[in-house]
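All remarks here apply to the structure that follows.
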Amino acid sequence: TKTRWELVRLSLLIVGIECTYATETAFVAPILLAIGLPHTLMTMMWAMPPIVGVLFVPVVASVSDRLRSVWGRRRPVLLILGVAMLLGMMLLPHGRLIGEAIGLRSVAWVATITTIGLTTTDFSAEASNGLCRTYAMEVCTIQDQARVLSTMMLIGGLGGMLGYLFGAIDWISLPVGQYFESNEAAVFTANWIVLLIGLVSTLTSFAEIPLPVQEEDELLRPVTHWMLQNEVKRIRGDEYAAQTQLSESIGFRQFLRNTVQMPRSMKILCLTQFLSHMGYLPYCLYFTDFVGAEVFGGDIQTPEHSAAFVRYEEGLRFACWGMALFAGCASLYSLVIEKLIDRIGARPVYVGGLMAHCVGMLAMGLLRNRAIVMLCCSLTGIMYTTIYSIPFLLISHYHSKNSFHMEDGKCVESTEPRGFGADVSMMSSVLCLAQLIVSLVMGVLIDAAGTTAVITYVAGGCSFLAAMSAMAVLYMGL
């Protein structure tokens, strides 16, 4: 059993990842708009990371499942992804400076350099997010798995809050601001330091048992309810007891087969997570632009120091405070979500969290009041904790029982080997798919409607559909 501090060390990389997400979502849209891109092209720049993610996040997870390194299966991959994140964070705020240094000053080239940094950072963060949770659950006992996920949600929310608070500070007015070319550069530098500390802390927290060693001695493999049940059957002399296999080390062909031929329970869970992210991402990616343009009446593309430009900058900082509140509420809710699941069950907690976001988004778009905006940010925090805890708990639940469907109220044992890491990465893949669709469609909708308020209506509608889908998820008594 892990102590609370040991769970925190396991989770510190999530702090860096959430801080990175916060900085990205708060500043990438204003950075791209300031370069001179219209909304349609700006939103399409967000399409590159999910395209790469859909293609390669599952592959990274499958490679990790089969990695035979003496350092383990998860940590070598997390190290590579962490270094890629750090490099991407250096590129993002310095696209114009790098372009000028190499003689590429056009808007197209500056946007390309910025997009390369965005793609590298976002893909690495998304792949690391699922793998870090997989690593943490594999080095924890069954009883500690829910604890480590709730710890990740708690301090991950604090990491997001830290990232947004970095964005709410006017760094240029501080003495340290003289060392940076812009406010954005200072924010990204602070984020870079947090990410580096989190990466080093998590990778040095607990050693993994290498895959070849696990294959030689099944007692060294991660323990599941299924393995315990089979051991009881073996002790009792049950000749039909299933042979325990290391289902994690599936081959790539089996991985592709598992992806195409998912059990119905996994299909519904993936659909629910897809719709959840379709509801969350419009808020996440374009909220700062919505507040700056619609709530404060500003315009980032007007001349610098003009009244409209100043109002937009004020709105951007106000939006960062709102998103810091969102991250803080997500952290606080993570403290009680496990107890809520124990008391009333996972289904009402899942559906209720999605409906909270639905109501908040519709209220924000219709009223556009500063106080309402702040209140609705807290509701989104509840939804965020929900979609980053319950789906992962359900996948762990399925794998620990080695069952993906029920008949007559009883779990039916699965005969098809499925990789736990690969199934967790499915959640990252549906996020990438949702981000791709939002990136390609949202800019067109904004330009057609003539207002960024359209993002709140899309977010609310998709969250409602996700809540309906969550009613059909298989919970297996969770």
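Along the chain as shown, residues are numbered 1 onward.
Including glycine, each Cβ sits where the backbone N, Cα and C put it.
Feature annotation from TrEMBL assigns transmembrane segment to 12-37 (among others).
Residues or ranges marked as transmembrane segment in TrEMBL: 43-64 (among others). For the transmembrane segment (43-64), same-chain residues at least 6 beyond its ends with a Cβ under 8 Å from one of its own Cβ atoms are 28, 32, 37, 73-74, 77, 81, 111, 114-115, 118-119, 121-123, 126-127, 130-131, 134, 250, 252, 255, 259, 285-286, 419, 421-422, 424-426, 428-429, 431-436, 438-440, 442-443, 446.
Marked as transmembrane segment by TrEMBL: 76-95 (among others).
Sequence-remote contacts of a segment are chain residues at least 6 beyond its ends whose Cβ falls under 8 Å from one of its Cβ atoms, and for the transmembrane segment (107-125) they are 17, 20-21, 24, 28, 31-32, 35-37, 41, 45-46, 48-50, 52-53, 56-57, 81-82, 84-85, 87-92, 95-96, 98-99. The feature transmembrane segment is assigned by TrEMBL to 107-125 (among others).
Residues 2, 4, 7-8, 10-12, 14-23, 26-27, 132-133, 136-137, 140, 187, 190-191, 194, 198, 316-317, 320-321, 323-324, 326-335, 337-338, 381, 384-385, 388-389, 392-393 of the same chain lie 6+ residues outside the transmembrane segment (146-169) yet bring a C-beta within less than 8 angstroms of a C-beta in it. The transmembrane segment annotation in TrEMBL covers 146-169 (among others).
Taken from TrEMBL, the feature transmembrane segment applies to 189-211 (among others). Same-chain residues lying 6 or more positions outside the transmembrane segment (189-211) and placing a CB less than 8 Å from one of its CB atoms are 6, 9-17, 19-20, 22-23, 66-75, 78-79, 82, 85-86, 89-90, 132, 135, 138-139, 159, 162-163, 166, 180, 220-221, 246, 249.
Look at TrEMBL and you will find 318-337 (among others) tagged as transmembrane segment.
Within the chain carrying the transmembrane segment (349-367), a Cβ under 8 angstroms from the stretch's Cβ atoms is held by residues 272, 276, 279-280, 283, 337, 340-341, 373, 375-380, 382-383, 385-387, 390, 453-457, 459-461, 463-464, 466-467, 470-471, 473, all 6 or more beyond its ends. Marked as transmembrane segment by TrEMBL: 349-367 (among others).
The feature transmembrane segment is assigned by TrEMBL to 372-395 (among others).
Residues 38-47, 49-54, 57-58, 61, 126-127, 129-130, 259, 262, 266, 270, 273-274, 277-278, 281-282, 285-286, 391-392, 395, 452, 454-455, 458 of the same chain sit 6 or more residues outside the transmembrane segment (426-446) yet have a Cβ under 8 Å from a Cβ within it. Residues annotated as transmembrane segment in TrEMBL: 426-446 (among others).
Taken from TrEMBL, the feature transmembrane segment applies to 453-476 (among others). With a threshold of 8 Å between CB atoms, the same-chain residues lying at least 6 positions outside the transmembrane segment (453-476) that come near it are 264-265, 268-269, 271-272, 275-276, 278-283, 286-287, 290, 294, 345-347, 350-351, 354-355, 357-362, 364-365, 368, 383, 394, 397-398, 401, 403-406, 411, 442, 445-446.
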- Task: Using a Cβ-Cβ cut-off of under 8 Å, list the residues of the same chain that are 6+ residues beyond the ends of the transmembrane segment (12-37) and lie near it.
- Result: 45-46, 78, 82, 85, 89, 92-93, 95-96, 107, 110-111, 114, 118, 121-122, 125, 128-129, 132-133, 152, 155-164, 166-167, 184, 187-188, 191, 194-199, 201-203, 284-289, 292, 300-301, 312, 316, 319-320, 323, 327
- Chain residues outside the transmembrane segment (372-395) and at least six past its termini with a C-beta under 8 angstroms from it: 133, 145-146, 149-150, 153, 156-157, 266, 269, 272-273, 276-277, 279-280, 283, 291, 295, 321-323, 325-334, 337, 341, 346, 349-350, 352-354, 356-357, 359-361, 363-364, 420, 423-424, 427, 463, 473-476, 478
